[in-house]
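Q: Just passing along the structure, written as structure tokens.
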Amino acid sequence: MPLRVYVGMLARGARPDAYTFPPLLKAMAAERGAVPPSVGHSVHAHVVKFGLELNAHVASSLVLMYAARGDGMTARALLDVQPARGGGTPVVWNALMSGHKRSRQFRLSCCSFLDMARAGVVATPVTYITVLSACGKGNDVLLGMQLHKRIIESGVLPDLKVENALVDMYAECGQMEAAWDLFEGMQVRNIVSWTSVISGFVRLRQVNRARAVFDGMPERDTVSWTAMIDGYVQTGQFREALEMFREMQFSKVKADEFTMVSIVTACAQLGALETGEWARIYMNRHGIKMDTFVGNALIDMYSKCGSIKRALDVFNEMHSRDKFTWTAVILGLAVNGHGEEAIHMFDRMLRTFEAPDEVTFIGVLTACTHAGLVDEGRDFFLSMTGTYSIAPNVLHYGCIIDLLGRAGKLREALETIGKMPMKPSSAIWGTLLAACRVHGNSEIGELAAERLLELDPENSMAYVLLSNLYAKSNRWGDVRWLRQVMMEKGIKKEPGCSLIEMNGTIHEFVAGDRSHPMSKEIYSKLDKVLTDLKNAGYVPDVTEVFVQVTEEEKQKVLYWHSEKLAVAFALLVSESSMTIRIVKNLRMCLDCHNAIKLITNLYMREVVVRDRTRFHHFRHGLCSCKEYW
């Protein structure tokens with residue numbers, strides 16, 4: 001680090017000069033979070049001691065350091081004491097704007113440009129590039145357009161870097177028509193030009209247009225590949241993101257930590273633990289910096305793949321943690337059924353003086369939900385406003401409704417909804433309806449379904465849950481009536497879909513589908529598994545089958561659920577020691593839950609299923625689920 005070199009230099013009796021301080025101060029600006037403010041003040045004192053405070057390059061570096069650390073008042077004071085020469089030099093003003101931008105004070109950066117213009121200081125291309133970047137990141141398209149006009153009038157163009165900054169500003173502000181027109185009119189383009197356009201389309205979730213631009217690039221670098229991969233991740237096209245990464249490797253372009261965060265995020269969403277493990281090996285092999293962002297992504301990936309032990313290993317190995325690190329591990333423990341451990345981790349977080357945020361409390365409340373800690377959940381919910389001045393949002397209310405609903409406190413849950421300071425969402429009413437289905441409360445369940453359908457008339461899950469509630473109460477006439485309503489409105493139940501990774505390839509199964517290349521072998525294996533289950537006492541639970549067919553046909557519908565097909569496939573092709581990991585798009589039905597419990601006992605396999613609501617860790621005929629079904 002330059003600071004260490006500087007201290008060694010002083011220890012050897014060497015005298016610093018005007019060439020010593022600029023790189024030192026710029027390094028301190030870049031590492032503003034790692035260097036205490038007192039160190040910056042000490043270096044500033046040395047600048048004064050050696051009589052260099054009026055040197056233009058040293059002064060601009062001081063201004064940059066203070067502004068980058070968020071101390072805009074000192075930075076501006078240093079600028080104002082510089083020799084006038086028309087209000088200071090462009091170099092010092094550029095440093096001020098750049099520092100504000102680094103500290104994410106984009107408005108201050110833009111205002112500094114206006115002050116510079118009022119002082120009569122002539123802007124340079126660097127000035128325009130800096131303030132255009134601040135406009136883009138601060139979403140100030142009006143000032144950006146005024147700058148565009150000033151740039152044209154100044155005669156700076158054509159200048160590739162300024163043109164790229166203009167394209168990027170419009171793209172960041174979502175003005176892709178203007179960005180595209182500029183891009184099309186450029187006489188010379190480079191990778192930066194192309195990547196700015198790709199990133200702009202990605203921000204608007206127009207990933208197909210971004211891909212068309214990407215495919216037309218004459219050359220690509222790490223940043224352009226990463227922009228495209230991140231576009232697929234942002235739009236939920238996780239398999240395409242992994243495929244793009246494979247193409248990147250074939251192209252011999254080296255990934256960086258930003259690429260790997262996107263890849264690890266895709267693995268997390270797909271439950272692709274093998275690929276995620278490979279990504280970690282890739283990072284170690286290629287010397288990719290394992291910073292806090294990468295560590296947080298790995299914790300999230302391992303947690304969402306149901307491997308909480310490895311998530312904790314990453315957490316314990318991290319040298320630097322932020323609130324997102326703590327939040328990721330708390331959420332991971334919570335959704336994997338380790339509620340009390342999650343709360344213990346929250347206590348550890350507080351002891352490190354790391355302030356929790358609204359996402360942290362979602363993790364804590366989820367932990368209370370899965371551990372059945374109703375009183376503790378209420379206390380945490382109240383502490384958000386009382387202790388931490390965090391206003392609960394609709395997601396926090398969703399957690400507390402889920403907590404009360406799982407505990408059977410349906411009336412209290414309904415009263416809590418009535419006290420919400422915001423309008424209850426469809427998810428809130430859906431959570432209450434699901435709890436009513438479990439506890440057989442038709443009165444509140446019908447009310448919840450009515451409110452849910454008012455907000456989301458096409459929500460098939462509302463009809464399914466209400467039908468299951470009626471079936472549980474032996475109200476078969478109402479079940480038939482609901483089915484008729486669905487048919488008349490053309491509402492179809494969302495098909496169940498399960499993903500499973502084998503040897504780095506994601507396999508997708510849909511209920512009753514036979515499109516898989518090994519479909520014949522899979523269904524044959526499933527038939528054998530079902531025979532073994534029946535011999536062991538398995539009786540299909542048809543209470544959640546929402547079709548008007550015979551009992552035998554209902555059982556066939558259950559037999560071909562997507563998670564059963566995924567398990568049969570895994571039993572066919574995987575080693576007996578391998579944990580079977582499945583990601584399901586819907587809540588797993590009671591019959592599949594019971595069947596997989598028996599399968600783990602009969603075949604001595606461990607199965608982890610991540611469905612829409614939680615994780616289920618099956619082993620030796622048992623499940624980690626402690627609460628109701």
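Even glycines carry a Cβ here, placed using N, Cα and C.
TrEMBL labels come from automatic prediction, so no person has curated them.
Residues annotated as repeat 'PPR' in TrEMBL: 124-158, 159-193, 221-255, 291-321, 322-356. Positions annotated as domain 'DYW' by TrEMBL: 537-629.
Tell me what's around each of these sites.
A: Beyond the ends of the repeat 'PPR' (124-158), by six or more residues, the same chain brings 90, 93-94, 97-98, 100-101, 104, 106-107, 109-110, 113, 116, 165-166, 168-175, 187-188 to within a C-beta distance below 8 angstroms of the stretch.
The helix, strand and coil residue counts that DSSP assigns across the repeat 'PPR' (159-193) are 26 helix, 0 strand, 9 coil.
Counting residues per DSSP class in helix, strand and coil order gives 26 helix, 0 strand, 9 coil for the repeat 'PPR' (221-255).
Residue counts of the repeat 'PPR' (291-321) by helix, strand and coil are 23 helix, 0 strand, 8 coil (DSSP-based).
Taking Cβ pairs closer than 8 Å, the repeat 'PPR' (322-356) reaches residues 292, 295-296, 299-300, 302-304, 306, 308, 311-312, 315, 362-364, 366-373, 376, 388, 390, 614-615, 617, 624-626 in its own chain, all 6 or more past its ends.
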Q: Report, as numbers and ranges, every residue of the chain located at least six residues beyond the repeat 'PPR' (291-321) whose Cβ falls under 8 Å of a Cβ in that stretch; write 'none' if there are none.
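A: Residues 257, 260-261, 264-265, 267-269, 271-273, 276, 280, 283, 328-329, 331-333, 335-336, 338, 352, 354, 579, 581, 608, 610, 615, 617 contact the repeat 'PPR' (291-321) from elsewhere in the chain.
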Q: Counting only residues 6 or more past its boundaries, what in the same chain has a CB within less than 8 Å of a CB in the repeat 'PPR' (221-255)?
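A: Here the qualifying positions are 191, 194-195, 198-199, 201-202, 205, 207, 210-211, 214, 262-263, 265-267, 269-270, 272, 275, 282, 286, 288, 506.
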Q: I'd like to know the mean pLDDT over the repeat 'PPR' (124-158).
A: 93
